[in-house]
Structure formats: structure tokens, C-alpha cells
Amino acid sequence: MGTGEYEYSKPNFEQQAHKVAIPPPQPFIKSLKNTVKETFFPDDPLRQFKNQPPSRKFILGVQYFFPIFEWGSRYNLSFFKSDVIAGITIASLAIPQGISYAKLANLPPILGLYSSFIPPLVYAMMGSSKDLAVGTVAVASLLTGSMLGAVVNANENPTLYLHLAFMATFFAGVLQASLGILRLGFIVDFLSHATIVGFMGGAATVVCLQQLKGILGLEHFTHGTDLVSVLRSVFTQTHQWRWESAVLGICFLFYLLVARFVSTKRPKLFWISAMAPLTSVILGSVLVYLTHAEKHGVQVIGELKKGLNPITIMDLSFGSEYLSTAIKTGIVTGVIALAEGIAVGRSFAMFKNYNIDGNKEMIAFGMMNIAGSCTSCYLTTGPFSRSAVNFNAGCKTAVSNIVMAIAVMITLLFLTPLFHYTPLVVLSSIIISAMLGLINYEEAIHLWSLDKFDFVVCMSAYFGVVFGSVEIGLVIAVALSLLRKHGSISKRENRSWNIDTSNRCPIYFANSSYLRERIVRWIDDEEDRLKASGENNLQYVILALSAVGNIDTSGITMLGEVKKVMERRGLKLVLANPGGEVIKKLNKGKLIEVIGQEWIYLTVGEAVGACNFMLHTYKNDEKPTSTGSSSGKETWSDNNV
């Protein structure tokens, strides 16, 4: 060009002028209605009630709150056979676990059996999961014991302690049901995946350490849950260690771990691991009875009262001076139980390609805990170990919970005297073997490779629980997660896939559930529109990720769930314009392999063009890119994710 002047023509802006359409103003009421709908009803749960006569709306309403009336009409003998087998199998696990976890909560062992009778019956009527097996869990039991034990000593004042446990369960149920009815389930989302991994691992470590009391046969033990307090209590009482108890505990723990290892390597032999706890209880009881080991330092359960759950509604004292403690315990344990139960239910629902409603699950959990608090039960949810056994045993519906409850009822009526000689050390071994499965070090390593900040959150929760308390660990992890929400620590940098990402929003733990439900609702709306207009069926769903600056492990999991939802509906998921940081995370999370590299594009235009090309090139059954049977030519694009 040299140094000469460069002349250029001035653009004619008058000819190129154009107008951008401005949305018309909306009345305040309509705007408020849309805001409320987007916040509390992203999945549009009232869709099924539209254009229905009053009688049909009533039936649908009953089926919404009591799903058993919806699937019960399709129940058959084949389902019943499978559910009976699964129910008996999980009962064999529920009985010893229930007794063990009640001791962990400093409650009478019989309450563990009570809690495996009434709540499963309530859940079977109101729950939406086919695979969830209801019962007590170790982490909630530990929380109950530590939080109530800090105020009232269970040994010195057992009646007051018991009443506080029932009140805490009642408030947990009220919280859970309220969150579901008011559509406030997003509150639980503030427990990110990394938080739950670290918290559960820390709680499992603390629970295992607490079982040293039973393994070593110690009569006095610290009420603290932190590592320092437990080790101090153990090593200052070396003169009281019982070698008989230790040998018995190590032997049964070895047996339980071997049984679990065999079942892990050969899933068809799941029953070996499922039956191992009950087998341990039977063998331990027989051994103690024959050798009179209870006279040589081996502690036993003692007498368990026969009979069904006593009514305890009159024990709920709302004027108690310890009411604030009961409320606090109920809130903390209720949220943790919700997070665990819903996560477990969604995991197994994905395996069987069906969907569960998180808000309906919250209502079901809440009602079963409210009912439980009035019938001598303490907090219950859907534990992973029991649900995994239920799933592997081939359950078809929630009837397996009813079968389990009947088996527990028979035990309460006739078999409780048989547990008199059950050694406490066996219960400790059962708890330890179950807790070791919650220390997910592989997932922690995965978090390190995927997202360093998520790893920090995970480890903060873990060490906070182990060296502080369960409450401290939870508060630290949630605080760090919220700090990330405001973006004060997250990376901001340019990537080759797109331009500046500094003003983009993330897909992360706090909004992943909302986005999943909102995406599904968009698809429902589009399919309804196509059906009403007589156009071809939907074939592709394009998610434009240009506004997404980052994504965490919860967001990656959400996209994987959306992919499975698309597959169930015969649709193909396509991603467009993911930023550099996002594509790196998707690659490390193995999601690109799941979606397919060929279905990720740099721009929405390229994605639309590729989808249209496939629709025009492949017809009907020849089209290899979608499981749908129609050869429609519509492409749906979401630019708001």
C-alpha cells in the first residue's frame, strides 16, 4: 500500500438502516406470572391438566400425589414375582442395618426396625422412583446423634433424647414436604456434587472411627466426632481393650468386605453381599450364645421389645426448651437426606430410562418422615446400598418396599427375641463395611483432573467433617461453593473456540437442575406446537452454549442426563459454540465421547446446516443419527442456555 493515501467509499447508512423489533410492554401481572413460572415451575407440572374435564383433573391430581394409583392399574403377576424377590432381599439387609444405624444415632436398636416398617409403606404410595429402597442411613444417624447429643446425653436422659429425635424427624419431614409443595427444590442444589462427595466421604470416615468403640469393646467413649477426640478416647483406654471383641469384629469385617468384593466383580452374585449382614448377625448371635462370650467382654444388644410401632404423636412437645435444637437438627438432617435420596433415585432412574419428579420425591420423603415421627421412627431416606440391592434384585415397582415392610413387620411381631445375643461388634463391622463404600476416592481424583476448584471444595468438606464436625464441614463447603457462584475465584480467559468469556454465565450446581427441567419443557412446548400445526416431528435439539463461560461437575452430569432424556424420546442432542473452558471440561468429563465429536459445532449455523443436511440425506429408517421414526425437517434451537 506504501505511504499513499487510501481512499474508501463512505457506507450509505441511510440505505442500510434497519429496525430492531422491541418486545411490546407486558402488564405487571402477566410479567410477574411469567417470572414465578420460570422460577418455581420450570418443568411445567400442570401441563397434564390443560384442557381436561374436572373429573379427569381430579383423577390426575390424585395420581400426582399418589403415583401408586397411576401405575397400579398396569401392575401384573410378573412384576409381583420380581418385587417379592427384591423385597425379601432388601429386608435381609434392612434388618441388621436398621439396628446398626439406630445405635449410631444413640437410639434404641428397635427404632431401626420401626423405621423400616411405616416409612416404606408411605413411600410406596407417594414416591415416583421404582428402585429406591427406603430406610435409615448412617450419615443422617450420625448427624442426629452428634447434634442432639451435644445438648442432651442419651444415657442420662434417654426419654428426653428419644422425644427430641422424634421432633427432629417431624421438622425434617415438614421441611422436605414444604420444599416439594412450594417448588423450592433448588435450595437443595446448593449442595454441589463436589460438596456431597467430600461430605459423604468425611462422614463415612468419622462413622468408621466411631465404630472403634464396638470393635475394641469399650464401654465409655467420646461424644465428639472429630478425629482428634476419637483417637484420644481410643488410646487413653488401651488397658480396657477387649481382644475377644477385636478378633470377632475383624473376622466379620473381613467376611463382609470379601462378600462385597465378590458381588462387585460378579454383579449376578449381588445376593452374596446383600445377605452378608444378616448372615453375620445370625452367625455372631449363635457364636455368642454357644460360647457365652457376653461374659468375656463381648457386648450384646440385649432384649428387643416385641410388637409393632407404638404411637408417639403425643411425644412431640412443641413447648420444649430444646425446640430450637430439634428444629436445627431437623433442617440439617432433612436437607442431607433429601440430597442423598434424590441423587440415588435419579441415578437408578437413568439406568432404567425413566424420569422421577424431584419435587414429588420431596413431598413423599416429607410425608413418610412426618408419619414416621408419629409412629416411633426416626429420619429415613433412600440409602444407596439398599437401593442398589433392590435394583440388582430386579425390582419392578415400589411394591418391593411394601414386601420389605411386611418382612420387617413379621420380624417385629415374632423374631425380635432372636436378636438378644447379637454382638455389638458385628453391628460395628456392618457399619464399617457399608461406610467404606461412601469414601469415593476415585471421584475425588476425577475432580482433581476435571476441576481444581471442585476438588478444593470436596477436600474442604472432607477435612472440615473429619477434623471439625459434620456441621463445620458442610458450612465450609457450601460457603466455598457460593463463593464460586459469584465468580470471585473462577478463571476468566480467552479460548480459541470463541472470544472473550468474561461476561458469560456458568452452568454449575446451583442452576443445573433448573436448566435440565427447563430444556425438557422447551422440547415439550415445541413438540406440542408441531403436533398442533400438523408439521413433522422434532428430530434434533441444538443447545447454543455461546453464553456459557464455564461448567462444573454438576453441569456436566446435567448435560449427560439431558442426553439420556433425548435418547428416550428419539431425539439427537447437538451442542453449538462451546467456549474453550467448557469444551475442555466436557472432554475431561468424557461427555464428548457420549455425545459424539461429530455432534459438536463451532456455530449454531453450522449445527443447523448439518442437521438439515442429515434430514434431507437420510429418510425414515435409513437415517442413522436418531432413534426417531419420523423424517421431519424441523430443527429446534435454544439460544438461551
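Note: Cβ is positioned from N, Cα and C throughout, glycine not excepted.
Worth saying up front: this structure is predicted, and the values here are computed from it rather than measured.
Residues annotated as compositional bias 'Polar residues' in TrEMBL: 625-641. Taken from TrEMBL, the feature domain 'STAS' covers 506-611. Among the features that TrEMBL reports, region 'Disordered' is placed at 621-641. TrEMBL lists 107-125, 132-154, 160-182, 241-262, 269-290, 331-351, 363-381, 401-419, 424-441, 461-483 with the feature transmembrane segment.
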* Structure fact -> Beyond a gap of at least 6 residues from its ends, the CB atoms lying under 8 Å from the transmembrane segment (241-262) belong to 214-218, 269, 272-273, 275-277, 280, 283-284, 287, 293, 296-299, 423, 425-426, 428-430, 432-433, 436-437
* Can you name the far-off residues of the same chain, 6+ from the ends of the transmembrane segment (107-125), with a Cβ under 8 Å from a Cβ of it? -> 66-68, 91, 94-95, 97-101, 132-136, 144-145, 154, 158, 161-162, 165, 301, 304-305, 308-309, 364-365, 367-369, 371-372, 375-380, 398-399, 401-402, 404-405, 408-409, 411-412, 416, 419
* Beyond the flanks of the transmembrane segment (269-290) by 6 or more, those residues with Cβ under 8 Å of it -> 89-90, 92-93, 95-97, 99, 248, 252, 255-256, 259-260, 262-263, 298, 300, 388-389, 392-393, 418-423, 425-427, 429-430, 433
* Structure fact -> Residues in the domain 'STAS' (506-611) per DSSP class, helix first, strand next, coil last, are 63 helix, 20 strand, 23 coil
* Taking 132-154, 331-351, 461-483 as candidates, which has the most Cβ pairs under 8 Å with the transmembrane segment (401-419)? -> 132-154
* Asked: Which residues of the same chain, at least 6 past either end of the transmembrane segment (331-351), have a Cβ under 8 Å from a Cβ in it?
  -> 128-132, 137, 139-140, 143-144, 147, 168, 171-173, 175-176, 179, 185, 187-188, 191, 196, 199-200, 358, 361-362, 365, 369, 379-384, 387-388, 391, 471, 474, 561, 564
* Structure fact -> Long-range CB partners for the transmembrane segment (132-154) (under 8 A, at least six residues beyond its ends), listed in sequence order, are 90, 94, 97-98, 101-102, 104-107, 112, 115-116, 119-120, 123, 160-161, 164-165, 168, 199-200, 203-204, 206-207, 210, 223, 225, 322, 325-326, 328-329, 332-333, 336-337, 340-341, 344-345, 348, 368, 378-383, 386-387, 389-390, 395, 398, 400-401, 404, 431, 434-435, 438, 469-471
* To do: For the domain 'STAS' (506-611), provide the mean pLDDT of the predicted model.
  => 86
